[in-house]
Amino acid sequence: MDWGTELWDQFEVLERHTQWGLDLLDKYVKFVKERAEVEQAYAKQLRSLVKKYLPKRPTKDDPEVKFSQQQSFVQLLQEVNDFAGQRELVAESLGIRVCLELAKYSQEMKQERKMHFQEGRRAQQQLENGFKQLENSKRKFERDCREAEKAAHTAERLDQDINATKADVEKAKQQAHLRNHMAEESKNEYAAQLQRFNRDQAHFYFSQMPQIFDKLQDMDERRATRLGAGYGLLSEAELQVVPIIGKCLEGMKVAAESVDAKNDSQVLIELHKSGFARPGDLEFEDFSQVINRVPSDSSLGTPDGRPELRAASSRSRAKRWPFGKKNKPRPPSLSLLGGHLPSTLSDGPSSPRSGRDPLAILSEISKSVKPRLASFRSFRGGRGTVATEDFSHLPPEQQRKRLQQQLEERNRELQKEEDQREALKKMKDVYEKTPQMGDPASLEPRIAETLGNIERLKLEVQKYEAWLAEAESRVLSNRGDSLSRHARPPDPPTTAPPDSSSSSTNSGSQDNKESSSEEPPSEGQDTPIYTEFDEDFEEPASPIGQCVAIYHFEGSSEGTVSMSEGEDLSLMEEDKGDGWTRVRRKQGAEGYVPTSYLRVTLN
């Protein structure tokens with residue numbers, strides 16, 4: 001079915017329909033254009049969002065980069081950024097393949113439609129002009145027929161009139177004959193016009209207009225087909241990016257699944273483990289000795305206000321770990337401020353310190369406190385600490401790791417320089433064999449420079465190896481001290497201090513000595529110190545599991561133990577995050593070995 005046959009008389013309908021089709025095409029182009037703008041704005045907002053939350057140029061030294069949570073978040077942001085890029089591709093595809101092409105096609109369709117309707121209107125105008133000519137010839141024929149009939153009646157009447165002259169009758173007959181001739185000519189012209197009009201009308205309705213209508217039908221069908229293809233381009237633009245978007249979503253899923261809480265905890269240990277030994281138990285400070293002593297002995301034997309107690313107190317405090325952000329000094333003990341009170345209040349002779357200025361006493365107290373605070377600051381590695389080449393400003397464990405990193409970097413640089421030296425030697429040999437390729441002497445400066453770099457790097461490697469060995473020994477010694485100190489709970493302090501008897505015994509010998517504060521403490525006062533070393537000879541702890549040595553280990557460093565491949569060992573302590581595990585051999589030897597050299601089975 002075609003429009004030329006079925007809709008031969010629906011010219012205006014076809015005109016409205018084709019115009020509606022072009023309007024629909026323009027409407028779809030406008031819709032796609034706004035859709036592309038929405039996609040572009042969406043992609044722009046996504047990129048701005050990613051830029052807002054993406055870390056600013058993270059480096060390998062940033063601690064946050066090493067956590068899986070941060071790495072997953074960065075990967076998630078990168079996937080969102082890639083997703084935004086795919087939305088930009090959708091917007092670009094819609095703008096080029098749909099908006100531009102369909103807009104251009106719409107203009108072509110409008111021109112073609114205009115041409116077809118102009119042709120139809122021109123044919124219709126020609127048919128109307130032919131019909132007007134036919135009407136004119138018809139009216140002329142009708143008029144001439146009436147004039148001829150009138151002239152014939154006039155001639156007949158004059159012919160029958162007896163009073164009319166022969167000339168009048170003859171003139172009337174000639175006039176009637178003329179009118180008859182004119183009517184005959186008008187008839188012939190009318191017949192010719194009618195025949196011509198019928199031919200033109202048949203051509204118009206059966207040939208010319210059907211062809212125009214068929215062209216309009218073909219144009220409209222092509223427009224509809226192209227519009228349908230444009231509808232398909234909308235979905236095709238989405239389908240083209242679906243695989244990449246799927247990969248982005250899969251990457252987001254992988255980023256979510258790559259969060260490893262256990263590993264992050266281990267990373268935190270690796271970043272901030274200091275390697276210091278845990279602080280020891282506080283010693284019992286018996287301030288009742290001041291009360292039990294004789295006032296005269298107290299004033300004569302301890303002119304500096306019981307330096308023994310103050311030394312023991314400072315010694316025990318130095319072992320404490322400063323957990324707080326700010327380490328406030330402990331208030332001075334009662335013995336420091338009031339050690340001379342019994343002598344001043346008693347009836348005996350006054351103490352040598354009784355006449356001293358209280359400000360001088362406080363000055364001595366501040367001198368005893370300030371070094372302790374300084375040791376805390378150096379212990380923690382404060383902000384004002386100056387970084388050194390051997391990283392001694394860091395805690396032992398962090399120092400060991402940084403030295404290990406520096407050593408690995410130097411070894412890589414050394415290997416690179418050695419490879420370059422070998423390459424230069426080979427090039428020099430080639431130049432010596434084939435002088436036309438180059439001058440061997442031109443390579444001497446580069447070879448000398450490479451040799452100098454190698455020597456320098458070797459010295460640095462030796463230096464860092466020595467520092468690393470020292471740092472590892474510090475870590476192992478700190479770990480051993482902590483283990484021996486906390487192998488068993490300490491004994492509770494007794495009510496009677498260990499130096500109570502010795503203080504009264506030694507009081508007589510201190511009467512004639514003004515410098516007793518500079519003498520070492522008595523045996524009773526050293527008892528708590530020896531108690532710490534007695535803990536090293538306690539009964540060995542029971543193993544917590546078994547392990548098998550996968551590789552041979554020499555165990556030449558302090559605190560380590562050697563083992564053979566395939567040897568069965570007893571697991572005494574698990575890895576605390578530093579890569580070492582404490583084991584015991586069947587012969588009884590006990591020490592640390594690398595965790596990666598073991599296959600562990602816990603009880």
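Note that Cβ sites are derived from N, Cα and C of the backbone, with glycine treated the same way.
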**Fill in**
From the set SER68, SER296, SER556, SER570, Swiss-Prot tags as phosphoserine just SER296
**Asked** How do the residues of the region 'Interaction with DNM1 and WASL' (532-603) split into helix, strand and coil according to DSSP?
**Response** 9 helix, 29 strand, 34 coil
**Message:** Can you break down the domain 'REM-1' (393-470) into helix, strand and coil residue counts using DSSP?
**Reply:** 72 helix, 0 strand, 6 coil
